[in-house]
Amino acid sequence: MIVIFLGPPGAGKGTQGKKIAKKIDLPHIAIGDIFRTIIKTSTSEAELINNYVKQGELIPNEIVNQVIKNFLLSSEYKNGYILDGYPRNLEQAKFFESFIKEKIKIIYFDVSDELLIKRVLGRYSCKNCGKIYNSYFLQPKTDNVCDVCGSSTFDYRKDDNEEVIKKRIEVYKTETYPLIDYYKNSGNFYIVDGSKNEQEIEIDIQKILKIN
């Protein structure tokens, strides 16, 4: 099974990707995480990618496509995966279809701009276990103590400020809305209400994928 999660930054793709991947025992491939890992390396490619991220610009298709292809053609992904954040436009979708022949399901997370901004601005995670929190909606039960592992060290994403987030949303709309129209005609396109809580969204996705 190959499942693509589409939606703007802050839509909840990463949270649901991890949940559903664990439930159906498939890898969750988060494109943002892949590129954040690359940025931490001391390479010219990392510097180039980091410049795009800082400015709120999308990374060029040729860079994204090659990185993703290298990942997806690995043997560990031969049985399927949940793909979070790719493709983001028609060019990427057609490149993806050129080397992936399996049937896919596309799930789009529909969320208002106002809610997206709060979700992204408030987002942080436990540095030890990766548990995601939000200063607006989901704080640890005990201040500065992770609910899962008890760590008191948290990671706040440096590229998350309101101006950059708004720009990322607008760039996303320009790039991705034509892709959504393209996938709507595929017969395997589904929309979930991303403003619901985590449990409700998870249930909606399980129904789409026909899993318990």
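Numbering starts at 1 and runs along the chain as it is shown here.
Including glycine, each Cβ sits where the backbone N, Cα and C put it.
What you are looking at is a predicted structure, and each value in this text was computed from that prediction instead of being measured.
In Swiss-Prot, the region 'NMP' annotation falls on 30-59 of the listed ranges 30-59, 90-119. Annotated ATP-binding residues in Swiss-Prot are Gly10, Ala11, Gly12, Lys13, Gly14, Thr15, Ile132, Tyr133, Lys196, and among Arg123, Arg157 the one listed with them is Arg123. In this structure, the binding-site residues under consideration are Cys146, Cys149, and the one with the smallest number of other Cβ atoms within 10 Å of its Cβ is Cys149. Arg168 (AMP binding site): 22 other CB atoms within 10 A of its CB, across all protein chains. Annotation note: Leu58 (AMP binding site) sits in a coil segment as assigned by DSSP. Candidates Arg36, Gly85, Cys146 (binding-site residues) were compared with Gly14 (ATP binding site); those inside 10 Å Cα-Cα are Gly85.
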